[in-house]
Amino acid sequence: MKWGALLCIFGFLAFCSVLDRGLGWIPDIWQKCSSKNEEFQQCGSSCPETCANHKNPEPKSCAAVCFVGCVCKPGFIRDDLKGSICVKPEDCSK
């Protein structure tokens, strides 16, 4: 599936969430995450902490928009250099 189509689907799901429709109608298979350190959230951060930004002392602005999908579980951050998997901060790629 193309990235544009995925973004469209997630945008629609976020819109439904804003309307307070909930995601009960989404098939369970769409709510499964591929990594053991991820979990599905209806309203995750659109600017999650990653290995690239977790040591950055400068605050960044982030839109207050829900991200619908798989996010890293608490205590884990995304490492884009390892295939975008969720790792403990001390295990980030150098």
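Cβ coordinates come from backbone N, Cα and C, glycine included.
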Report summary line: Answer for the disulfide partner of Cys70 (Swiss-Prot, candidates Cys16, Cys33, Cys43) is Cys33
**Report entry** Selected from Cys43, Cys47, Cys86: Swiss-Prot disulphide partner of Cys66
**Finding:** Cys43
Report summary line: According to Swiss-Prot, the cysteine among Cys72, Cys92 that forms a disulfide bond with Cys86 is Cys72
Report task. According to Swiss-Prot, Cys51 takes part in a disulfide bond; indicate which of Cys8, Cys92 is its partner. Result -> Cys92
Query raised in the report: Is Cys62 (disulfide bond) helix, strand or coil when read with DSSP?
Result: coil
Requested in this report: Report, as a single number, how many Cβ atoms besides its own are within 10 Å of the Cβ of Cys92 (disulfide bond).
Outcome: 18
Query raised in the report: Taking just the CA atoms, what is the gap between Cys66 (disulfide bond) and Cys92 (disulfide bond) in Å?
Result: 25
